[in-house]
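Visitor: Okay, handing you the structure first.
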Amino acid sequence: MNSINQKISNLFPSSKWLQNYSSANFKSDFFAACIVLTMLVPQGMAYAMLAGLLPIMGIYASILPMIIYAFIGSSTTLSVGPVAIISMMVFATLNPLFPIDTVAYIEAACLLSILVGFISLLLGFFRFGFLIQLISHPVIKSFIIASALLIALGQIKFLLDIPLKANNIPEFISTLIPNIHLSNLLTISTSLAAIMILVCIPKLFKNDVIIKLSPLLLVVCSIGIVSLLNLDQYGLKTVGMIPSALPDLKFPTWNIELVKTLLPSAFMIAMISFVESLAIAQATAIKKRDDLNSNQELIALGLANISAGISSGFAVSGSLSRSVVNADAGAKTPMSGVISSLLMIFVGLYFTGFFQNLPLAILAATILVSIWKLVSLVPFIETWKYSKADGLAMLATFIGVTCIDISTGLVIGIILTFILLLWRISRPHIAQIGLVEGTSILEMFHVMM
């Protein structure tokens with residue numbers, strides 16, 4: 001009987017915290033959920049747009065995945081939902097295959113999420129979590145920095161209101177130069193004002209609540225100004241009409257050829273989603289004393305992505321910013337994620353119409369300011385100092401992502417990771433030690449590499 005209970009406890013970590021759940025825990029979780037919601041609404045819509053999808057799909061992708069993860073995942077505070085890097089990978093996968101804003105594109109995004117989920121689920125079920133963790137941290141860090149740079153460049157088309165492609169830097173430059181003269185002055189002004197507000201508020205105010213609420217306050221104020229002055233009639237593009245309804249639970253249209261086409265990208269998204277989520281969970285695990293299990297995380301993320309795919313969402317992962325805010329706001333259990341998702345249902349049913357006058361430039365500015373924090377040369381310099389080989393792997397991954405495309409860059413990084421691993425295994429560090437003459441002290445006197 002004990003073994004059965006242990007298996008249930010391992011499969012459903014929620015069984016541990018649900019047993020002792022109290023009203024005090026609920027109050028803390030509810031407060032944290034409300035704070036996270038203020039970030040999740042604008043971020044979800046912005047990251048859906050980043051993936052080339054309708055803003056409402058960002059809300060849909062924030063409902064079932066959070067509920068599923070809360071009961072299956074092993075982290076107390078990890079906030080699962082739309083994130084920038086995964087959204088960018090979704091766009092990079094689907095953009096060459098289907099026109100944006102078509103039913104085929106949306107169906108493929110849902111199918112991709114389901115494939116990501118099944119891959120994660122299988123890897124977790126067969127306990128292959130350790131394999132993904134073999135990929136070197138420098139390569140993953142380089143991939144994230146390069147992807148963040150491409151995401152930032154991709155927002156320029158919304159900040160200037162010009163046709164632009166940013167699958168890689170050469171493509172970005174080649175489409176920016178001939179179209180820069182088409183920039184909309186009102187859009188540029190809106191973008192600059194939004195960026196200045198988001199950058200300056202953390203410097204002017206030391207109150208954490210104001211800083212965390214600033215993106216939502218910006219969204220609300222911009223909607224009010226656009227509605228009052230009818231700025232959409234002067235060329236300022238807005239989100240437009242968003243349906244006020246919950247998604248139907250259904251399996252997207254698919255065929256075997258499309259599945260074969262999407263599988264390689266689905267595997268890469270599953271891998272990055274897992275690595276990113278586990279790193280975030282580990283960052284908060286010490287304070288919360290979470291007992292993390294990499295295979296359990298794969299299973300939880302797998303089910304979360306499957307639920308996103310069947311509920312008109314797209315691929316999801318753990319969010320660093322929302323997870324940190326969730327922890328800092330005092331979340332005691334994963335119930336905070338359940339509460340956030342229930343509040344998102346309320347938003348999806350009654351408040352989507354409020355966002356129809358939200359300028360796309362505001363969402364783009366929100367993405368740009370949040371993602372730019374990830375772009376840094378420091379990790380490259382630090383890695384180069386302690387390992388030239390890892391430094392070269394980082395550089396090759398960065399060049400592959402920014403100059404070719406995301407998938408190719410990641411493949412380059414993975415290949416170099418395993419080449420370096422084999423090279424290090426073939427050259428073990430062997431030290432010979434012996435007694436210093438006339439003493440009982442051991443000292444290393446010969447090293448072989």
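Glycine too: its Cβ is placed from the backbone N, Cα and C atoms.
Nobody curates TrEMBL annotations by hand; they come from automatic prediction.
Note that the structure is predicted; figures quoted are calculated from it, not measured.
Below are the features I grabbed from TrEMBL:
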type     : residues : note
DOMAIN   : 26-397   : domain 'SLC26A/SulP transporter'
TRANSMEM : 30-54    : transmembrane segment
TRANSMEM : 66-91    : transmembrane segment
TRANSMEM : 103-126  : transmembrane segment
TRANSMEM : 138-160  : transmembrane segment
TRANSMEM : 180-201  : transmembrane segment
TRANSMEM : 213-231  : transmembrane segment
TRANSMEM : 262-286  : transmembrane segment
TRANSMEM : 298-315  : transmembrane segment
TRANSMEM : 335-353  : transmembrane segment
TRANSMEM : 360-381  : transmembrane segment
TRANSMEM : 393-423  : transmembrane segment
Visitor: Select the range from 138-160, 262-286, 298-315, 360-381 that forms the most Cβ-Cβ pairs under 8 Å with the transmembrane segment (393-423).
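Guide: Stretch with maximum Cβ contacts: 138-160.
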Visitor: Please work out which recorded stretch in 30-54, 66-91, 213-231, 262-286 has the most C-beta pairs separated by under 8 angstroms from the transmembrane segment (298-315)?
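Guide: Stretch with the highest Cβ contact count: 66-91.
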Visitor: If you average the pLDDT over the domain 'SLC26A/SulP transporter' (26-397), what number do you get?
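Guide: A mean pLDDT of 89 is what the model gives the domain 'SLC26A/SulP transporter' (26-397).
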